Amino acid sequence: APGPARPGTKRLPRAIVVGVKKGGTRAVLEFIRVHPEVRALGTEPHFFDRNYHRGLEWYRSLMPRTLDSQITVEKTPSYFVTNEAPRRIHSMAKDTKLIVVVRNPVTRAISDYTQTLSKKPDIPTFEGLTFRNRSLGLVDTSWNAIRIGMYAVHLESWLQYFPLSQIHFVSGEKLITDPAGEMGKVQDFLGIKRVITDKHFYFNKTKGFPCLKKSESSGLPRCLGKSKGRTHVQIDPEVIEQLRDFYRPYNIKFYETVGQDFRWE
C-alpha cells in the first residue's frame, strides 16, 4: 500500500543556480539546502538547455515538494552559457532569482580540463587545446573550457531579460575561505533568515575546502564527493600568464558591469 502522501506541492523553482561549471555550484546547492526554508533538486535537470521540449509540467514533476513557506531551488551550471536559457527562464517566471557562482577563469579552465582528463585520459594537452597559435598568443575561444570563463560576454544575454538586482554573484574563492559570509549573502538575496552561519562549517585540510558539519539528511559531517577538490594538472606558468592576459579585459568588463571586483588579476 502506498505510504502517507508527503505534505506540500511540487512547484517550479523560484531561484536557479545557473552557473558556472567548476565554479562551486555544487557547494552552494549543498550548503543552501541545509536551510529549513529551502528545498533543492539534487540532480541537474538541464531543462532550459537540453530538455526544454519536454515542457514545464515535466520540469515541475522533478521538483521536491515544498510548503508555502519554502523556496524551490535547482542548479544546472550550463544554463549560464546557453543562449536560449535567459529567454526561456524569463518566460517561465520573470521574477526568478538567479545565482551565478564565478571563480578566476584561468583556474576554472584548468579545473574543467582536469575533470575532462579524468574521464578521457587521451585528450590533447591543456596547452594544445588552449591556443590556436601559441607563438602568436591566439587563444581558441571555441574551446568550451576557455569560452565559459568569458563571463562578461555571457552576462549580456541575461541582462537582456533580467535586471542585475535579480542576479546574485557568488565568489568561488570566498566560498572556500569564508563560506558562512558568502552563504549569508545568498540567504539575504533569497529573502530568507540567515540560518546558515559559521557553526555549520569546518575546513577539510585534505580536500582544501569547507565541509558541512552536518547535512540536511543526517547528523554526520558532509563533504562533497571525491570528484571535488581534485589536484589540478600542472600547467606551464607561461601559459597561465598568457591566459591571464587574455581574460583581463573580460574580467574588467565583468567587474564594471556587476559592480563587484573579484580580484582575479
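Glycine residues also receive a Cβ, built from the backbone N, Cα and C atoms like all the rest.
Record features, source TrEMBL:
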type	residues	note
ACT_SITE	LYS22	active site, for sulfotransferase activity
BINDING	LYS22, GLY23, GLY24, THR25, ARG26, ARG103, SER111, LYS228, GLY229, ARG230, THR231, HIS232	3'-phosphoadenylyl sulfate binding site
DISULFID	CYS211-CYS223	disulfide bond
DOMAIN	13-248	domain 'Sulfotransferase'
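All features noted in TrEMBL, drawn onto the structure.
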{"residue": "LYS22", "record": "active site, for sulfotransferase activity", "Cβ contacts under 8 Å, 6 or more apart": "PRO77, ARG103, ARG108, SER111, ASP112, GLN115"}
{"residue": "GLY24", "record": "3'-phosphoadenylyl sulfate binding site", "Cβ contacts under 8 Å, 6 or more apart": "VAL101, ARG103, VAL170, GLY172, LEU175, ILE176"}
{"residue": "CYS223", "record": "disulfide bond", "Cβ contacts under 8 Å, 6 or more apart": "ASN204, LYS207, CYS211, LEU212"}
{"residue": "THR231", "record": "3'-phosphoadenylyl sulfate binding site", "Cβ contacts under 8 Å, 6 or more apart": "THR114"}
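Per-residue pLDDT, averaged along the domain 'Sulfotransferase' (13-248), amounts to 94 for this model.
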